[in-house]
Amino acid sequence: MGRLRLWLAVLAGLSGVTAQEDLYRKVFVFRTDPSDAYVVLRAKLEQPLLNFTVCLRSYTDLTRPHSLFSYATKAQDNEILLFKPKPTEYRFYVGGKFVTFRVPEGRGDWEHVCASWESATGIAEFWLNGKPWPRKGLQRGYAVGAEAVILLGQEQDAFGGGFDVYNSFTGELADVHLWDAGLSPDKMRAAYQSLRLPPALLAWRSLSYETKGDVVVKPRLREALGR
C-alpha cells in the first residue's frame, strides 16, 4: 500500500500541482521561452456572465505576442481573452470579438491591467496601472458562457487546448481576479493598489489552481507599482 501511495503521488506531481492558497506577495513564474506551461484556474460559475471584470499584474520582457488570461467555452475559444500582441497594444476579447487599447511601451516594470464589460450597453473598459483608457463598444447583448476552462499563460484555440507556444507567456503573473460585475472607479484603483476588494469568482488571496509544465510559485522579488 505504501508503494502504491508513493506511485500515485509521483503521477500527481507529473500531471500538475493542485492547490488553493493565499498568494499574497507571491507570483507565478513562467520560466521558459517559448513555453508550453500554463495554470488552470478553478472558479464556481453558476450562470452566464452579463457583466464581469478581470484584473491581473504582469512582469515580462517579451516583445512578441502573448496571452495573459484565457477563458474558453465549448462554443467559443476566445470567450474572454486578455492578449498583448506587441509592447504598445492590448486586445480585449469578448465572445470572439475584440477591441484594441494602445498603450505606452513599458519600461521594464510591472503592469497592472483591468478590463470590464457589461452586456446591456456593450461598454468595455480598460485600466492600465490604475488609470482608465477611453471606453469602447463590444458585443452588446451578448452573454458569456458559464461552463469554461480558465487559463493563465496560454491562449486557447480549442476548449482547454489548441495552444500556440509563440503566443505563450514568459515572465511573472500575480494579483489575478475575476468578478461577475463591473467595478467602480474606486475599486479599479484599489485593485491596482492591492487594497481591500469585493468578493470575487477568482481571488488571488484564495486562489484554486493547478500548474501544468514549467511554472512555479515563488515570492515576489520586486514590489509592484501602486504598492
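Just so it is clear, glycine is given a Cβ too, placed from its N, Cα and C backbone atoms.
The disulfide bond annotation in TrEMBL covers CYS55-CYS114. Residues near CYS55 (disulfide bond) in space but far in sequence (CB under 8 A, at least 6 apart, same chain), listed by position: HIS112, VAL113, CYS114, ALA115, ASP175, VAL176, HIS177, MET188, ALA191.
Taken from TrEMBL, the feature domain 'Pentraxin (PTX)' covers 24-223.
Positions annotated as signal peptide by TrEMBL: 1-19.
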### Task
Determine the Cβ neighbour count for CYS114 (disulfide bond): the number of other Cβ atoms within 10 Å of its Cβ.
24
## Note on the structure
On the domain 'Pentraxin (PTX)' (24-223), the mean of the pLDDT values is 97
